[in-house]
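Undergrad: According to TrEMBL, the record shows the following:
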ACT_SITE  ASP44  active site, proton acceptor
DOMAIN    1-130  domain 'PABS'
Amino acid sequence: MRKTCGNVLDNLKGDCYEVLVQDCVPLLKKFAEEGKTFDYVINDLTAVPISTAPEEDSTWEFLRLILDLSIKVLRPSGKYFTQGNCVNLTEALSQYEEQLEKLSCPVDFSKEVVCVPSYMELWVFYTIWKK
């Protein structure tokens with residue numbers, strides 16, 4: 001990734017940050033149990049399943065688990081960043097936004113549509129925060 005981000009990932013830990021590259025579920029559960037909070041949580045998973053079929057409920061449950069745990073570890077002014085999906089998948093994006101209403105903590109969100117050249121399409125990115 002050096003061509004993309006230069007030397008930014010040479011040091012995954014600094015005085016005021018740490019980049020964790022690992023399975024987030026056990027780590028977020030641990031942080032939530034310890035009461036540890038963060039200014040930002042960045043999720044690099046595609047937030048919206050491509051299929052909206054009923055058999056994909058377990059995928060939505062998994063993504064909602066990650067989202068719920070991430071919101072739990074945010075400070076009151078913290079922000080959660082994630083990608084959604086292609087701007088043309090309006091039904092899937094709407095279903096994702098419905099998931100936000102099912103979290104244990106009330107949240108609000110904004111979304112931004114960005115041209116991602118490597119995807120060759122417009123993509124939706126979300127910022128989510130506690131109300």
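Along the chain as shown, the residues are counted starting at 1.
Just so you know, glycine gets a Cβ as well, placed from its N, Cα and C.
Where the annotation comes from TrEMBL, it is an automatic prediction and has not been curated.
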Undergrad: Over all shown protein chains, what is the count of other CB atoms within 10 A of the CB belonging to the residue listed as 'active site, proton acceptor'?
TA: 10
Undergrad: By DSSP, how many residues in the domain 'PABS' (1-130) are helix, how many strand, and how many coil?
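TA: Helix, strand, coil within the domain 'PABS' (1-130): 45 helix, 44 strand, 41 coil.
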